[in-house]
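Heads up: the structure comes next, in structure tokens.
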Amino acid sequence: MEVHEGASCNGRAREVSLSLIDDSTPTLPQADRSVDESKASIGAQLTDTKPPPGSSSERNKDRKHSPSSGNISKERDSLRILTSLRTLRNSIAGTASMFDLVRTRAAGPPKPSEASTTESSTVLRQRGRAHHSFVLGILMAAGTSAVLSLVNVIIKRLESVSSLEVLTFMAFGVFIGILPAATEEVQPFGPSSAQPLLIVRTILSLGAAALRLSSLSYLTIADSSIITSLTPLMVAITASLFLAEPCHWTQGAAVALSILGITLVVKPPFLATAGGSFTEEQYIGIAYGLSHTVLNGVTTVCIRAIKGVSRSVVVFHYGCLSMLLVSFVSIAMGRLRIFYDGSQIGYLLLISHLTFAVQMFLTKALQIENASVVTIVKTSSDVIFGFVMQAVFLNVYPDLFSMFGGTFVLIGVLIIGLRKIAQAATPGTVLRHRLRFLL
């Protein structure tokens, strides 16, 4: 009986110990309640298993160091130890949670979720790319005007070289520069159906370039740039005539402002009393410049009419055919020389390289940014760099008539360009709403 009671007590003690060890309650009052409940259950079990009076087990109860009393004392000691360990564990857990709270407060507000972070970073990336493209497009368009103004300065210095020779080297530079890109095309000269328009475009572009060089012989760089900046206006008028595009009041306003600006640049005789000077050479130069803008406008319309032909093919066709035509005409007229002075051949080779750079800058600007924005920036930069280049390299400063005339021409071109931007804007946007009076 004693053995059975000892075994049962050991089993119950083992169950109590395991229940206390496996308990995961983190607070001390609940641990105390579990210990008290365990004590009460042990006492109740011991009371229920108490032997009847007068039995042999009752007589052996008073024996000193009985096994049951020893087991009970050991259980009480183990309960005290477990209670102390549980208290220590709860105190450590409370300290750790306090440290976690302090660390969380110090770290600040919680970070957004991964999805929101990804979306915000994507939006920021897109805005950065759009801003980068806008700035790069403006820089490319301004670079086109700067390089073209530098070419005009070099041409003004080469007074002993004819325009045909300059055109030959310009066409040679375009042909050599575009040759690697054109060889990658399946049809470098374009399809047979587009050959008539490509040939007409090449002849018109060649004539426009010759007229621009002739205008530089009679006008200053700034005045010639003001006249040639009328090209966007001529493109709009030519497109209305040949492509049946609707005419708008903005075109009439731009024409009126351009006529006023050209009048100030020409300095007619009725302005002589106001300080203007009139010469016959200015009329000739103005006529060459206006003819250049007309041919350039028709050339742009031809390019619009060509469908399914890449820009590299168009430029390669122009460079190859114009080089052959100018070479034949120069040889026939006896204007093409084989030997040049050292400075002359250096300037001519520089012109050929810069001409190709103008083509590439303009092509890249049109690929990156809207054509209307590129047109506005390039036209404005042509006039500004024309004033700056002739003042820096040729010591020729513009008068008030040229400055006011250039301002009126730029305002007219700006009206045309802003209308194109408003037409290209998405309906419902703020930009289209602000420019709705131009539609």
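Glycine is no exception: its Cβ is also placed from the backbone N, Cα and C atoms.
Just so you know, TrEMBL annotations are computer predictions that nobody has curated.
Annotated features, as they stand in TrEMBL:
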REGION    1-76  region 'Disordered'
REGION    105-124  region 'Disordered'
COMPBIAS  114-124  compositional bias 'Polar residues'
TRANSMEM  134-155  transmembrane segment
DOMAIN    136-266  domain 'EamA'
TRANSMEM  161-182  transmembrane segment
TRANSMEM  225-244  transmembrane segment
TRANSMEM  253-271  transmembrane segment
TRANSMEM  283-303  transmembrane segment
DOMAIN    284-417  domain 'EamA'
TRANSMEM  315-333  transmembrane segment
TRANSMEM  345-363  transmembrane segment
TRANSMEM  375-394  transmembrane segment
TRANSMEM  400-418  transmembrane segment
Worksheet item: Are the transmembrane segment (345-363) and the transmembrane segment (134-155) close enough that 3 or more Cβ pairs fall under 8 Å, when only pairs 6 or more apart in sequence count?
Response: yes
Fill in: Residue numbers, six or more beyond the limits of the transmembrane segment (161-182), whose CB comes under 8 Å of its CB atoms
155, 188, 206, 209-210, 213-214, 217, 312-313, 315-316, 318-320, 322-323, 326-327, 329-330, 333, 335-337, 340, 344, 347-349, 351-356, 359-360
Discussion item. If contact means at least 3 Cβ pairs within less than 8 Å, sequence distance 6 or more, would you call the transmembrane segment (375-394) and the transmembrane segment (225-244) in contact?
Written reply: yes
Worksheet entry | Contacting positions for the transmembrane segment (315-333) when only residues 6+ beyond its ends and CB under 8 Å are counted | 162, 164-165, 167-168, 171-172, 174-179, 181-182, 185, 188-190, 198-199, 201-203, 205-206, 359, 363
Worksheet item: Counting only residues 6+ away from its ends, which parts of the chain sit with a Cβ under 8 Å from the transmembrane segment (345-363)?
Response: 140-141, 143-144, 147-148, 150-151, 154-155, 157-158, 161, 165-166, 169-170, 172-174, 176-178, 311, 315, 374, 378
Worksheet item: What is the number of residues in the domain 'EamA' (284-417) that are helix, strand and coil, as DSSP sees it?
Response: 113 helix, 0 strand, 21 coil
